[in-house]
Each structure stands twice: as structure tokens, then as C-alpha cells.
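Take a look at the structure set out below.
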Amino acid sequence: MPETPRLLFVHAHPDDESLSNGATIAHYAARGAQVHVVTCTLGEEGEVIGDRWAQLAVDHADQLGGYRIGELTAALQRLGVDAPIYLGGAGRWRDSGMAGTEQRGRRRFVDADDREAVGALVAIIRELRPHVVVTYDPDGGYGHPDHVQAHVVTTAAVAAAGSVGDCDYPGDPWVVPKFYWTILGLSAFLAGRQALTPDDLLPEWVLPPEDIPFIYPDERIDAVVTGDSDARAAKIAALAAHATQVTVGPSGRACALSNNMALPILADEHYLLVAGRAGARDERGWETDLLAGLGFTGFGT
């Protein structure tokens, strides 16, 4: 019986998996791959959209994190993933908040003991034995401290998981064949932005600038996963499940966070390969399957 491919995505907060990799997760899950998502915090510091759940926020009841467990569970189900996995267990590390916000000092993820956090992820990697691991680039995508910390922890854990000499961590060593950063590709973003019309937006939304600093030029991209109509629909449904944090527009072609900046909901999701050997590439020089070169068939886009 052929081996089932396994992919692991590591994210900082609930909703990050759907925003960054929703189409990719849905694509592989629908084709029978084992897909897991590790979330490092409960997202307690998130800014709540609207009035219905506003009293859950950190400055009021401080119950947002628990509520977002339900949102993440629903989102993952819509993407085809069974249940969330929280690094260290649900609530072990707290959302650190955006850079420059008040430091509440209660088990913040950025203050996590490196060996404990890395060890928790090593244990997951050695148990699940993923063929592909995905997390953020060194800047955490857009610079959120928890995203940066997720990058640091994941990078260290991928290295330690395959080390035969490091016996302090549980489980048998597992060398991750391919390790990617999730990135935002320039051409796809600009095309998605340009395609948005007033019918796609809510009245209070504004379009993002064209020169967002954390976008990657096409020549730096190593891989793209293009979600089909089912994967894109699953991504939209998953984003809608994160209703305290994300609003999906009337057409399903755009969404916005609490800052009311409209973002195109892209079916193309881009990656940079940072460890492992690339598989077949297309005429752009991009892989179209994160599993390319690993001997699996039927998973490309």
C-alpha cells in the first residue's frame, strides 16, 4: 500500500492558517494527504470585529482565546482537517500582541523558554513525521512578534527533529524532507487587488497600497499551489469561520481584518523552499506541488 503524504503547517494564531494557506490545506486534504496545523497561541490579543463578541476582548472579559478555539476548529473542518493542535497544549503560551502594544506579561509566546517551545514542536514532528513543514519567513510575514517567534521555533525544531545526537527530545529522529516558508507573491497579489471592484467590498473598506513591503517578487518564489474552485470555496468558508477577526466581502473575492483594509482572497498561494531538494519546476521556475520530488503522484496543481 503506498505511503500517504503528510504536511504540517505551523502558525501563530487562529486564522493565520486560513489567510496564508487555506487553499493549500484544502487542496491536499481533499486529495487524501494527512494535513495537520499547529497553532502556537489562542490569539487572545486579537482585535474583535463588530459588537456581538466585543466584550470577549482582552480589555473586558479576556475570554477571546477560548472562543477562538471554536472558530479554529470550525475553520479546519471546512478545510478538511480534523482538529487543531496547540503547541504545548491549548493556552500554554499567550498571544504576545502586536509590536508596540501593552505587554501583559502572562506566558507570552515571545517569552517562551526556547528549549520548551522547540521541544514541544520536535515531539509533534517526530510523532507525525511530515514530509513537508511550512511556517513563516524570518520577518514573520508582516512582522508580528508571534509570527517571528513561530519562525524561530519551527526552524530550530525542524533541525532538532532530525538530529540523532539530541536525545533530550522524545521520539525517534525524523528528517523533514522539505521545509518551506509561506510568502505572498507580488504578481498574484497585484492582479488580485486590481481585479477587485466596489461590488467586492464593504463601504468602509479601503484597498491596500501596491507597495506592501513584505511581498516577494516573482523571481524569489520557489513554489505555488493553485487551489481549484473547491479549494477556494473551502478557504472562503474557513475565513468566514474566524468571524471575530475576519470579514468576508459580499462576493467572496475579498476579506478584511479589523483595520478594514481589503485583501483579495487568492487561490494561488506561494512558497519559498529553504531546506530540501526541489522537484520538477514549470516554465516560471516554480514547483506546482509542495510534494514534488518526493515520489508522490496526483497531488500537483
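Quick reminder: no glycine exception, Cβ is built from N, Cα and C everywhere.
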Per Swiss-Prot, which of HIS131, HIS147, HIS151 sits in the Zn(2+) site along with HIS13, ASP16?
HIS147
I'd like the number of other C-beta atoms within 10 A of the C-beta of HIS147 (Zn(2+) binding site), please.
25
Could you say which of the binding-site residues HIS13, ASP16 has its Cβ with the most other Cβ atoms inside 10 Å?
ASP16
Given the recorded Zn(2+) site (HIS13, ASP16, HIS147), which additional residues of the same chain have their Cβ within 8 Å of the Cβ centre, ordered by sequence?
HIS11, ALA12, ASP15, CYS40, GLY43, TYR136, GLY140, GLY141, HIS144, ASP146, ALA150
